[in-house]
Amino acid sequence: MDIEDKSSKMHCMKGKHVAIICGVVIAVGLILGLGLGLGLKPEACNPPEDNGLLSTKPPTTSTPNVTNPSGSSVFCSAKNDENGAWTNFRLPNYVQPVHYDLDLTPEMEAEVYTGMVNISIRLEEQTTRHLWLHLRETKITEMPQLRTSSGQVIEIKRCFGYEPQEYVVIEAEEDLRPGNYFLSMKFKGYLNGSLVGFYSTTYGENGKTKYIAATDHEPTDARKSFPCFDEPNKKATYTISITHEHDYEAISNMPVEKTISLDNKWTKTIFKKSVPMSTYLVAWAVHQFKYEERISSRGIPLRVYAQPQQINTTIYAANVTKVVFDYFENYFNMNYSLPKLDKIAIPDFGTGAMENWGLITYRETNLLYDSQESAASNKQRVAAVVAHELVHQWFGNIVTMDWWDDLWLNEGFASFFEFMGVNAKEEKWQMLDQILIDDLLPVLKDDSLVSSHPITVNVSSPDEITSVFDGISYSKGASILRMLEDWISPDHFRAGCQKYLTDHYFKNAKTDDFWKAMEEVSGKPVREVMDTWTRQMGYPVLKVDLNSTVTQQRFLLDPKADPSKPSSQFSYKWNIPVKWKEGNTSSITFYNKSELAGITIMQPSDLPPDSFLKVNKDHVGFYRVNYEPQVWRTLADIMMKDHQNFNLTDRAGFIDDAFALARAGLLKYADALNLTRYLQNETEYIPWQRAVVAVSYIGQMVEDDKALYPKFQRYFGSLVKPIASELKWENDEDHIKSLLRTTVLEFACNMDDPEALGNASLLFKNWTSGISLDVNLRLLVYRFGMQNSGDEQAWNYMFEKYRTATLAQEKEKLLYGLASVKNITLLNRFLNCIKNTTLIRSQDVFTVLRYISFNSYGKTMAWDWVRLNWEYLVKRYTLNDRNLGRLISRISGTFNTELQLWQMENFFERYPDAGAGEASRKQALETTKSNIEWLKQYRDDVATWLENSEQPNFV
């Protein structure tokens, strides 16, 4: 009896949902058994013989005597002592670190490291006998030492770990009065078993296993690497030294001051003293990589490090770095503040990239680009992530948010400016418009859920801090900055950014500090307006009536949700700069939240009678717009006659708004679907990309409906056919056209277009025969070729290609192909591979599970595997891992049955501790309930419209 079966009777008796659940549990169990082999011996992953690329582990080597701890004793053991202020989550204000001398010695092959830190501390105002700072997992190996600024030793009475707040507490024998002190601590940590803190990973080079060790500290993992005051406003300077074997090199935030050869095996690299910085930005790496270098216009060396065999893949990132670096120095009117800037591609990296000051770390897919192996989407991803991390060298590093509740001051700004940065390098990529489909429109969906949260949100635990690294902080933050820039003007916005950076140089800041800078340069009530966007969740939908009167209400995807919950200090009313256009006239009419009757847009009197009032021109505002039904129908006719009456961002916005409004019950699906008729004439990437996303929700909901889904496929297949036939299964050098081609051919395949699927299968067959594929078609061919014609032989061939591929972007495409097979046995084998770290890196586990969940055969299998292996995942990644926290919401987005909802609630009851996934769980539940209601409310409306569309006289 499996885990689920043990509790199924109890939950059936609760009568939570529908009576038939209990009746189908046995049948479902049989189905799950087919999918996962429950009750049967699961098929092994059967990894091939080790070729030395990843798993071979050489013998342990000796450590130099310089920092080797005496013996193996552990000091400062954990105690449950709650008789002090160390029970508080936040560090006390009266203790300030001033400088860290940090010395580290990693044993690469033994996967351990030792270290010593000497912290200069300033004690302000208060007298105390206790000091505490952060430390997690890493062990103290000698009793800490405390000295006054004059060198006098202060006896330590005791030290202990307080695990609930991840502190090590030191108690002195005498009172510590205000003044300066030096705290010294020796410690030992482990490089294996994690992708956070100071950790190591391996890669293959000429059949040998190579090691690299690097750091990832944001948000609360510096404390895993070394004892520190691990809060962003505890800025200090650092002098870092690393002792390593001769055949390794070390890099850190600052340039090398000097290197010292200790003996015939060990070298000590000492780095220059840093500027004041937060703990989460402290970084170093020990490696055997090579680099590509560019020099900025001011003479700053810009290096990109990668494995020696991949050094040619760093050229594009190096070129982007130089252009974007120079662009931001000019835009912000502020020089980059360090003497050098390095970037390094880590073979196994838990996040996309990390903006460490002077040493930016990346997942390989986000830094390395090969023109012979990488697609246009990969190229754009590299450019965007490089630009994003460069923004942080100003927003985040020079000026850092005071606390994590203002994370958006880092991530929202980087997400906004990255589009400007890429645009400076690639002017033909429509990047200033692509923010619409990459950030604004996707996050409108997230922020329409009751389980959303404000941009500025209280956080009081590492899990809560981790959880706010989400679309609200990043994409909503970027979107409201775009709206602000448009309202106060680009020149004022730029001047405000420059003032903010200057006023808080090397310091910490809060959201109000940014509003203040913007108010001073623009003369507008920025704080009064923008607080309504940052201090309450959600956004409005503006209703435009036939008299051009505009009213607002909170937009919620669930029409049954209470729009007043949870409570908001602004009662879910917003101050809105409403941008509009009619004819050749464009303007902004301000909508104050106190205007309860709404506002009226005053249009010019000389407009032509057939002009259309477009509210939210360029979709620059963070809100949706709803018109009267007859206006939507008029709009559909205008778009059919000449869709270029509206620019491509407006066309994308119309489609996205219409389908969101229909899903929320504010517009009939007939009117939303009616708007899509014009797509047969659409030739631009941005509108097509958003149209596919908008209508695909319907497809996902009715995919198992044998009567309705074919009609859905026929209708939308007919719309995509013209552009798919025009673009063909061949490629050219045009970047935007490549993105368009991938989008429409993928949609054509999903609509079961015979020609598209035939081409995918033919190219797939050619590929399995050794014929190379165009880089921009590979993902499509791998997915749909495997889906429609892949057998075990083809799957094994692809798996071998994955195993031997060296470029991470190609490996990721092959993972998607492997996950697309319509064979339960092979999918089960693939799931079993997840636990084999030789075959699937830790960074890729959640990617594999998501890809399998996209497969109609694999959706249930991925969900079942996660539930059965949850304890394994928690042990491997911890509940603080943001990717684990989001996993369930990412694989359950299309769940739409009472059984799936029951399974989810059952699972959450069994494992109530969500860690960083608390908000994600709420989102998953809300989305599943919404999907169930959608089928009840709108399935028949969609069916009626699609049936009518097949009639000969349909117009």
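Yeah, the Cβs are placed from backbone N, Cα and C, and that goes for glycine too.
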Site-mate of His388, His392 for Zn(2+) in Swiss-Prot, selected among Glu364, Glu411: Glu411
Swiss-Prot substrate site partner of Gly352, Ala353, Met354, Glu355, Asn356, Arg882, selected from Glu218, Glu485, Glu746: Glu218
Those glycosylation sites listed as Asn312, Asn547, Asn674, Asn836, and which of them has the most Cβ atoms within 10 Å of its own Cβ: Asn674
C-alpha spacing of Asn192 (N-linked glycosylation site) relative to Asn118 (N-linked glycosylation site), in angstrom: 25
Asn335 (N-linked glycosylation site) and Glu389 (active site, proton acceptor), Cα-Cα, nearest whole angstrom: 16
Asn547 (N-linked glycosylation site) versus glycosylation sites Asn312, Asn766, Asn823, Asn836 - nearest by Cα: Asn823
Asn319, Asn584 as glycosylation sites, winner by CB count within 10 A: Asn319
Candidates Asn584, Asn647, Asn674, Asn766, Asn836 (glycosylation sites) - the one closest to Asn319 (N-linked glycosylation site) by CA: Asn647
Rounded distance in angstrom between the Cα atoms of Asn647 (N-linked glycosylation site) and Asn584 (N-linked glycosylation site): 13
Local Cβ density at Asn647 (N-linked glycosylation site) - other Cβ atoms counted within 10 Å: 18
Listed in sequence order, residues with CB under 8 A of Asn192 (N-linked glycosylation site) and six or more positions away: Glu111, Tyr199, Ser200
Proximal residue to Asn335 (N-linked glycosylation site) among glycosylation sites Asn312, Asn584, Asn674, Asn823, Asn836 (C-alpha distance): Asn312
Winner by Cβ contact number (other Cβ atoms within 10 Å) across the glycosylation sites Asn335, Asn766, Asn823: Asn823
